[in-house]
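Quick notes on the structure that follows.
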Amino acid sequence: MTNAPHPYDALMNITARPPTVFVKGDGAYLWDDSGKRYLDFMQGWAVNCLGHSPTIVADALAAQAKLLLTPSPAFFNGPSLKLANALVANSCFDQVFFTNSGAEANEGAIKLARKFGTLYKNGAHEIITFVGGFHGRTLATMSASGKKAFEPLFEPKVSGFPKAQLNDLDSVKRLISSKTVAVMLEPIQGEAGVWPATDQFLQELRALTQERGLLLIVDEIQTGMGRTGKLFHYEHAGIEPDIMTLGKGIGGGVPLAALLATEYASCFEHGDQGGTFNGNPLMCAAGLAVLEHVATPAFLKSAADAGLFLESELQKLSARHGLGEVRGRGLLLALDLKLPIGASIVAQAFSEGVLLNSPQPDALRFMPALNVSKEEIADMIECLDAILTKAGAARMVA
Ligand SMILES: *Cc1c(COP(=O)(O)O)cnc(C)c1O
């Protein structure tokens with residue numbers, strides 16, 4: 001008997017996916033090709049900061065598509081200039097380089113730090129990163145990541161990324177040598193299960209790097225663009241890093257990411273950095289529409305309020321079911337399940353029409369759209385409550 005090839009088989013089998021094809025999105029909801037509706041608390045892993053297919057992004061894309069797609073990165077274009085200036089005006093950084101993915105932005109941050117070392121620090125090139133950190137899937141960003149599962153893969157790795165422990169300043173100090181040029185971290189380790197750096201640690205790290213003449217690089221690909229209730233997470237700690245990367249939410253659903261640097265750190269020379277599609281007007285037009293919407297005090301306040309509501313609802317849920325802590329900030333939160341039941345909860349929620357994420361076996365991560373409503377949060381909590389009640393009953397029978 002021969003098996004007819006399945007349409008799914010034409011895609012490389014890089015992850016386990018449910019046998020469902022998604023065809024439509026609107027705000028907090030996704031629909032599959034059978035017409036089933038799902039309430040989405042993943043939003044493409046914190047990508048759709050304004051929900052699925054927001055009108056302002058769709059309109060910006062349609063208008064720009066008719067005007068100009070790509071003149072060439074050898075020329076200036078309007079949307080990339082506008083977006084770069086808006087990012088500079090809303091941050092502590094002076095210059096921007098646009099990329100197509102977060103990993104590529106981090107790859108650029110690593111190159112920029114190494115260039116800085118070549119120019120000003122006798123060839124120092126090591127970048128201290130953190131156990132549990134995630135910076136992407138290019139060879140250098142996998143090497144910079146502190147993810148256990150990456151360790152045996154694709155050897156030999158790119159060298160020069162010694163790993164410190166998050167929230168342990170001494171572990172950073174011990175790794176600093178004449179070869180060190182920078183320290184790089186996610187303000188909240190997202191993929192690792194939402195483990196926040198404390199504001200105090202970020203402040204101490206900024207003081208230490210300044211004192212030792214090292215660059216501080218924040219990977220805000222997940223925490224940036226209002227995700228934690230401020231436009232950028234570093235604002236919570238009141239620090240000014242030298243380099244920041246953005247991705248995910250910056251495009252509101254389209255592939256756009258960015259490398260930002262202060263004048264002090266921005267040292268690329270002609271030939272050091274580039275890329276065919278980087279800064280293309282189509283994606284930058286989407287990014288501009290997103291930023292103009294997100295970077296307003298009223299929007300950021302409502303996202304922060306939604307985060308507080310979700311946090312308190314998760315805390316009540318945790319108390320009802322004897323679960324662990326709620327971690328994170330704003331609308332990047334995790335619930336500690338205390339047991340490795342994350343995958344099973346995600347699967348049950350999927351069949352109930354709610355999309356959740358379990359980055360670690362014993363944790364659920366919540367990253368809804370920043371404009372999620374209280375009703376949508378309440379609906380998700382109700383679904384999760386029922387699943388946890390069933391799981392608890394099953395445990396008592398067993
Ligand atoms: C998602 C993510 C990346 C990688 O971004 P891609 O667009 O998938 O390449 C890097 N760093 C952090 C913190 C992320 O969350």
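Any Cβ shown, glycine's included, is placed from N, Cα and C.
Curation does not apply to TrEMBL; its annotations are automatic.
What TrEMBL records for this protein:
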- G102, A103, F134, D219, E220, I221, Q222, T276: pyridoxal 5'-phosphate binding site (BINDING)
- R137: N(2)-acetyl-L-ornithine binding site (BINDING)
- K248: N6-(pyridoxal phosphate)lysine (MOD_RES)
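Shown on the structure are the features that TrEMBL records.
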residue: G102; record: pyridoxal 5'-phosphate binding site; Cβ neighbours (10 Å): 27
residue: A103; record: pyridoxal 5'-phosphate binding site; Cβ neighbours (10 Å): 24
residue: F134; record: pyridoxal 5'-phosphate binding site; Cβ neighbours (10 Å): 26
residue: R137; record: N(2)-acetyl-L-ornithine binding site; Cβ neighbours (10 Å): 14
residue: D219; record: pyridoxal 5'-phosphate binding site; Cβ neighbours (10 Å): 30
residue: E220; record: pyridoxal 5'-phosphate binding site; Cβ neighbours (10 Å): 30
residue: I221; record: pyridoxal 5'-phosphate binding site; Cβ neighbours (10 Å): 29
residue: Q222; record: pyridoxal 5'-phosphate binding site; Cβ neighbours (10 Å): 28
residue: K248; record: N6-(pyridoxal phosphate)lysine; Cβ neighbours (10 Å): 27
residue: T276; record: pyridoxal 5'-phosphate binding site; Cβ neighbours (10 Å): 9
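Under the DSSP three-state reduction, F134 (pyridoxal 5'-phosphate binding site) is assigned to coil, being neither helix nor strand. A straight line from the CA of Q222 (pyridoxal 5'-phosphate binding site) to the CA of K248 (N6-(pyridoxal phosphate)lysine) spans 6 Å. Proximity of the binding-site residues (G102, D219, E220) to ligand 1: a Cβ under 6 Å from the molecule is found for G102, D219. Looking only at Cα atoms, the residue listed as 'N(2)-acetyl-L-ornithine binding site' sits nearest to A103 among the recorded positions G102, A103, E220, K248. Largest Cα-to-Cα span within the pyridoxal 5'-phosphate-binding set G102, A103, F134, D219, E220, I221, Q222, T276: 26 Å. The two recorded residues I221 (pyridoxal 5'-phosphate binding site) and K248 (N6-(pyridoxal phosphate)lysine) have their Cα atoms spaced 6 Å from each other.
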